[in-house]
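Taking it in order: structure first as structure tokens, then the write-up.
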Amino acid sequence: MTSFADRLARPPLDRASLILLGATAVVLVVDAWVLATVPYLAPPGSVLREALFAVAWIAVGVVAMWLRRGLLARRILALSLVLAADFVGSFGLLGSDPMPRLLVTLTATLIPLQTALAVHLGASYPTGRLLDPFGRRVVVAAYAVAGVEAVWWTFAHVSARTCDACARSYLHVVVPESVHRAVSLVIGAAWVGLCACLLILLWGRYRRAGRRERRLLRLPYASIAVAAALYAVLSVVAAPRGTSAWGVSMTTLIALQVVALVAVPLSFLVALLRERLAYRRIGELVVKLAGGAGADLERSLAIALGDPTLTVAFPVGDGFADSRGRPVPRPEPDDRTTVTAVGEPEMPMALIRHDRSLDEEPALLTAAGSATRLMLENARLQAEVRAQLREVRESRARIVNATNEARARLERDLHDGAQQRLLAIGIALQLLRQRPGDASLFDAAEGELTSALTEMRELAAGIHPAVLTDLGLVAALDALAARLGARVVLEAHGPVRRCSPEIEAAAYFSASEAITNALKHAAPTLVRVSVIDRDDRIVIEVSDDGAGGADGDGSGLVGVRDRLASVDGTLTIDSRRDHGTVVTLEVPCA
Amino acid sequence: MVRTVLLVDDHGGFRAMARLLLESGGYDVVGEAGSAAAAVASARELQPDVVLLDVLLPDGNGADVAERLAALPRPPEVVLISSYPDGGLGARLHDAPVRGFLQKDELTVARLAEMLA
């Protein structure tokens, strides 16, 4: 996860790119000087064309550098440098002066390298980084093949065989034609394989890309693919002639050059400019938000950033909520998306989950984030309020339900217990009228009456124990502990103040529920209940030595949470498996 | 002729007293049941003349049990009893195949005899 804060500063121009650009300029000056002083065979048209190609790549490299796409700029400018360094040597420079011979030697060595650099650029577009192992392997293989080819060409460049008057490479050795063809065939086959790998690589990346990324990749990838396919075909044609794809006949060479050297940089340029144009939509977003059309911020952001899958989540309480306050899982990045935090990284105002391709345009995200910061803060507050409202509504519904359930239970208890016993006593009295001396009837009636009284007393204590009203929380909990048996022990640390009746009731029934819960689920040997009057709060701790692993969302404790929340109290549960459970209840008591 | 009775109620204390009451009125209480399932099984086995049937049973209601009893080869006369005025059954009470309905606190030998007459 990255943050807007990291993206606010506009980074300086990439230093490596600047160095490459400077070197290219120096080489171009040397080129111009050689062309002006040394005679050569190539027609002026091809010279102009070659120069244009080099300039096209340099221009794209400069634009990429200017847009702070340092790594991409580096790859492009490296290719530009090699192009500038090797094109003059292939013009058929005449004579045997050291400078032309040096350039011819350099050209023989560098031409294979330009293919490897092109593969590297294509495989790492648009970031300039190679993150996947397959891509890395393709690029390493390309440099390896280029290295072999460079060594071979350094000693056996084709220019040495086409023109007698031409300047020779310093390292040229005479190689039999058959060996020449065999080696060229092997190297050509390797390039065909590498082109196929590059096509597979790009196709796989395109398929995995999100919608926004696909739109950005379509044109550059298509031009890279066409260039790679063309290079593969020309390698097949060139191999039997003992030359490389770059050295096939002039007409086919033109086709390759037009595609590889013009269409590709042009498509890169278009993609970069399109990226630039995306800022206009941020401007439109600002205008729209200023006009008060910020109701659906998420949609506005999605449109402005050109990513229909963009979602915004706001941290609310322990979790996250969408703009309507509905709880959503924490946004996590996957292979198509990343998550950007707005605001402080530790306490983000919002988390934006967006297409991975936006990562490459930090400035765009920063602009969008700055434009919508106030709106985002507003939306977060709204989401928070809505989430709270939702929680209160749900809690209220649960409380009403719990009340209804409690009433139904009470009715059932009365019906099944005391009422049946009283009916039995009624029948006994009826019979006693007929048989006044029947002692067994008296015994039966008396037994039922005692049971009925006990049950009524317990029921009444369950509804609202009189001792709670009369003597307070500690006395009521004491009576409860006595009723529940020896496994429940009450410890009161110091005197505990009296609180308002509703707070005492909430505390008593929550504690009672926690104790009953522990006895029912944890199978403890002891449940310890402690009551502490601390500052302006009463803290009740119910700890057991049972199984542990209690779940705070279990229905029993949700009810407790709701009841406590109704008086601004809190519930915390510390329960690890095999370490017992400590339930802490806190209520305010002014 | 002494009439045989099956007593169905899930409250043991009430059953014990009701048994004494019925016996004092000359009925022969041949069996007791505490659930709907036990009621149907006992009625099939004991073939009583009368079943005194509580409406609220832990595993079903009296109207359903009455229908199952009416389907027996030798259906008994059924009198429903409940602590509620209509046993909480509403209209179903009138459609049930029973001789009558008695609120539990009105249960006397005389009323029962009247209903079975």
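Our numbering is plain: 1 for the first residue shown, then up by one each step along the chain.
Cβ coordinates come from backbone N, Cα and C, glycine included.
Summarising the annotation, TrEMBL assigns transmembrane segment to A:18-41 (among others). Within its own chain, the transmembrane segment (A:18-41) has Cβ neighbours under 8 Å at 47, 54, 58, 61-62, 65, 74, 77-78, 80-81, 84-85, 87-88, 91-95, 97, 99-100, 103, 163, 166, counting only residues six or more beyond its boundaries.
With a cut-off of 8 Å between Cβ atoms, the residues of this chain six or more beyond the transmembrane segment (A:47-67) that come close are 13-14, 17-18, 20-21, 24, 28, 35, 73, 76-77, 79-80, 83-84, 87, 91, 254, 257, 261-262, 265-266, 268-269, 272-273, 275-276. Sequence annotations record features per position, and here TrEMBL assigns transmembrane segment to A:47-67 (among others).
Marked as transmembrane segment by TrEMBL: A:76-96 (among others). For the transmembrane segment (A:76-96), same-chain residues at least 6 beyond its ends with a Cβ under 8 Å from one of its own Cβ atoms are 17, 20-21, 23-24, 27-28, 31, 34-35, 38-42, 46-47, 50-51, 53-54, 57-58, 60-61, 64-65, 103-108, 110-111, 113-114, 117-118, 121, 159, 162-163, 165-168, 246, 261, 265, 268.
Through the fold, the transmembrane segment (A:102-122) approaches residues 34, 75-76, 78-79, 82-83, 85-90, 93, 130, 138-139, 142-143, 145-147, 149-150, 153-154, 157, 159, 166-171, 191, 194, 198, 202, 224, 227-228, 231, 244-246, 260, 264 of its own chain, all at least 6 residues removed from its boundaries and within a Cβ separation under 8 Å. For A:102-122 (among others), the entry in TrEMBL reads transmembrane segment.
Remote same-chain residues near the transmembrane segment (A:134-155) are listed as 105, 108-113, 115-116, 119-120, 123-124, 169, 171-173, 175, 183, 187, 190-191, 194, 197-198, 201, 204, 244 (criterion: CB distance under 8 Å, separation of at least six residues from the stretch ends). For A:134-155 (among others), the entry in TrEMBL reads transmembrane segment.
The transmembrane segment annotation in TrEMBL covers A:182-204 (among others).
Marked as transmembrane segment by TrEMBL: A:216-239 (among others).
Per TrEMBL, transmembrane segment is recorded for A:245-273 (among others).
According to TrEMBL, the feature coiled coil maps to A:371-405. Within its own chain, the coiled coil (A:371-405) has Cβ neighbours under 8 Å at 282, 285-286, 289, 294, 297, 300-301, 304, 312, 314-317, 321-327, 342, 349-350, 558-559, 562-563, 565-566, counting only residues six or more beyond its boundaries.
Counted with DSSP, the domain 'Histidine kinase/HSP90-like ATPase' (A:502-590) comes out as 31 helix, 30 strand, 28 coil. Summarising the annotation, TrEMBL assigns domain 'Histidine kinase/HSP90-like ATPase' to A:502-590.
Confidence in the coiled coil (A:371-405), given as mean pLDDT, stands at 83.
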